[in-house]
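A.B. asks: Mind looking over this structure? Questions follow.
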Amino acid sequence: MPRPLFATIHPDSMQHNLSQARTCAPMAKIWAVVKADAYGHGLERAMHGFATADGLALIELENAIRLRELGWIKPILLLEGFFEAADVPLLAEHNIVTAVHSVEQIKLLEYTQLYRPIDVYLKMNTGMNRLGLRPDEYAAAYKRLRAIPDVRNITHMTHFANADELEHPLLTIAEQVRRFQIGAGDLPGERSLSNSGGVLHQAMISEHLQNDWVRPGIMLYGGTPGGRSAGDFGLRPTMTLRSEIIGIQHIERGDTVGYGSRFVADGPMTIGVVACGYADGYPRSAPHGTPVIVDGVRTGLIGRVSMDMMTVDLSPVPNARIGSKVTLWGDGLPIDDVAHAAGTIGYELMCAVAPRVRIAEGRLGTDG
Ligand SMILES: *Cc1c(COP(=O)(O)O)cnc(C)c1O
């Protein structure tokens, strides 16, 4: 008898969300971002779900090679680039586009015999201050990269820090775009700026901006980078985490629930025990009231999430019994709502689903 906890992946929603991204950025080619095992959805599954994307972008070289072995023939981009000299020949061998964000990487390319040309995304740091060359050193880096015979196309790339918040008080998209345009000037080559936040606000940032390739991730998985909810953008959940009630307790006023006795009943009530805990990837930090759906009714978590179980308030679901269906997030319960209640973001919840959670596939709106 298998434990009743499943993550159901909805390939139809993946296709739908990809077409939403196309609608937002109709002139751009799309890198569907599939890093971190496709945000927890499974790399191979995402390769099929995003079959009509123009390319797949990720972080892990071994998974890039795996995509080739699985038969993906369109472009592949390594968003963080390569880490050591030994990686470089593999890029050429498997026809993988690489980000280059530092002079150290340019030096490695200068010293490595490639035998076959590679395409490069040269990354500019326009204020995120994570990876990339400063605008004032960018043109020199470009020139140096351009001089390497086996470097073929060079695309200019930057990454937005606050694409979810157009008027961020400290660093706006507009300011990052301004720095990008100063740094890249009129250097030849395509440009790639937008993550999901940028794509969702494409209309507001792209009017006079060349943005040949966009790089949406979270929106393709039915989440948003922040602020508004995915439904507002016509996005659909791609993962539904479901379990069942496996125990029921009737408690009295003054009774406590779970580790630390964090919940104290203020009257008689019925609680349900759900087979899902932090070892499954559900955040232990989720507080009292974090939404869950039991038999189609929205209720909330009570007490502390433990390793394998959590407890929920069954007061609004008097007919619930052992075996009642529980939705932790996804179909009918936006992952962003759960993430927000737990003080995190949908990205982290998706990526954290543990290997012991069995994965199923099914259309959205069916029972997995
Ligand atoms: C992860 C990542 C993206 C996708 O970001 P989302 O917010 O998930 O859309 C785009 N570009 C780069 C460089 C990334 O690392």
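Residue positions begin at 1 at the first shown residue.
Every residue, even glycine, has its Cβ placed from backbone N, Cα and C.
The active site, proton acceptor annotation in TrEMBL covers K35, Y259. Positions annotated as substrate binding site by TrEMBL: R130, M307. If you look up TrEMBL, you'll see 238-362 marked as domain 'Alanine racemase C-terminal'. The N6-(pyridoxal phosphate)lysine annotation in TrEMBL covers K35.
Quick one: how deep are these features, and who are their neighbours?
C.D. replies: Neighbours of K35 (active site, proton acceptor), defined as other CB atoms within 10 A of its CB across all chains, total 18. DSSP assigns K35 (active site, proton acceptor) to a helix.
Around Y259 (active site, proton acceptor), the same-chain residues six or more apart in sequence whose CB sits under 8 Å from its CB are G303, R304, S306, listed in sequence order. Y259 (active site, proton acceptor) falls within a helix when secondary structure is assigned with DSSP.
When secondary structure is read from DSSP and collapsed to three states, R130 (substrate binding site) falls in the coil class. Residues within less than 8 Å, Cβ to Cβ, of R130 (substrate binding site) and separated from it by at least 6 positions along the same chain comprise H159.
The average pLDDT computed for the domain 'Alanine racemase C-terminal' (238-362) is 97.
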A.B. asks: With every protein chain in view, what's the tally of Cβ atoms within 10 Å of the Cβ of M307 (substrate binding site), excluding that atom itself?
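C.D. replies: That number is 11.
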A.B. asks: What Cα-Cα separation, expressed in whole Å, is found between K35 (active site, proton acceptor) and M307 (substrate binding site)?
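C.D. replies: Given the Cα positions, K35 (active site, proton acceptor) is 27 Å from M307 (substrate binding site).
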